[in-house]
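Novice: Pulled these from Swiss-Prot:
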DOMAIN    145-274  domain 'Fatty acid hydroxylase'
MOTIF     157-161  motif 'Histidine box-1'
MOTIF     170-174  motif 'Histidine box-2'
MOTIF     249-255  motif 'Histidine box-3'
TRANSMEM  55-75  transmembrane segment
TRANSMEM  100-120  transmembrane segment
TRANSMEM  199-219  transmembrane segment
Amino acid sequence: MATNQSISIFSSASLAVEYVDSLLPENPLQEPFKNAWNYMLNNYTKFQIATWGSLIVHEALYFFFCLPGFLFQFIPYMKKYKIQKDKPETWENQWKCFKVLLFNHFCIQFPLICGTYYFTEYFSIPYDWETMPRWYIALARCFGCAVIEDTWHYFLHRLLHHKRIYKYIHKIHHEFQAPFGMEAEYAHPLETLILGTGFFIGIMLLCDHVILLWAWVTVRLIETIDVHSGYDIPLNPLHLIPFYAGSRHHDFHHMNFIGNYASTFTWWDRIFGTDAQYNAYNEKRKKAEKKTE
């Protein structure tokens, strides 16, 4: 009975979204995007698209999303939004981070990316324009991937903080007590594989078009770079997402090496009480801010 009701609610919601979508004006960028997509399909093999296309998407978007946070350090106005004001970014740390990123991206992640083509072939995932999902379907599936990844990340991240293994793997990610955007993927190669598995579980369960793979890469990069940015920007649109953790939530984890283990949402930390110290810190911070007003 409950299952039937859930299906009925889901179907009604889907119909409502489809109706709203039908009322929206035609996207002027759709035709150019369609032409570009078909040009890609006609001029490159599936292996080239899945391998080199995925690499380009990841590298271009990663450093593009890191750019605002990188520029903030040169803008005096943005300093008031920096969470750990007493720990500014240094060129030494950023250069060290960049070198490790290049190693991780091309020696660890790229070999995994090379398997994308075989993944899409094995699961018969299409590339063509005609089967590309509508925007709301892609958004819903990306949200599903985020929930799956967040769950995996919470429990495995918490395990990596166990005193018997922390110093061997996860300690590298905590070298910088005040995080910055580029540090999001600064990690031990084993951590890249362990926590990165959560990214692929969602893809294996929910991906039905290669564009969804790239969409999920985009969403995940936006999220992880944002929470590592070190800045709490008031008008950040990501704060509109229910239960979104955000930069201040994750910054506390880097500041104190404990609690707030989830990557995207707050519910697992809330359920298991691993946000208790953060909540106490946050209340104290808010009271201090009120006194200074």
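In case you wondered, yes, glycine gets a Cβ from its N, Cα and C as well.
Explain the structural surroundings of these features, please.
Specialist: According to DSSP, the domain 'Fatty acid hydroxylase' (145-274) comprises 86 helix, 3 strand, 41 coil.
Nonlocal intrachain contacts for the motif 'Histidine box-1' (157-161), taken as residues 6+ away from its ends with a CB within less than 8 angstroms of a stretch CB, comprise 169-170, 191, 194-195, 257-258, 261-263, 274.
If you take every residue in the motif 'Histidine box-3' (249-255) and average the pLDDT, you get 95.
Through the fold, the transmembrane segment (55-75) approaches residues 81-82, 88-89, 94, 105, 109-110, 113, 180-182, 184-185, 214, 217-218, 221-222, 225, 229-231 of its own chain, all at least 6 residues removed from its boundaries and within a Cβ separation under 8 Å.
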Novice: For the transmembrane segment (199-219), what are the same-chain contacts with Cβ under 8 Å, counting residues 6+ beyond its ends?
Specialist: 49-50, 53-54, 57-58, 61, 116, 119-120, 123, 125-127, 131-133, 138, 141-142, 144-149, 152
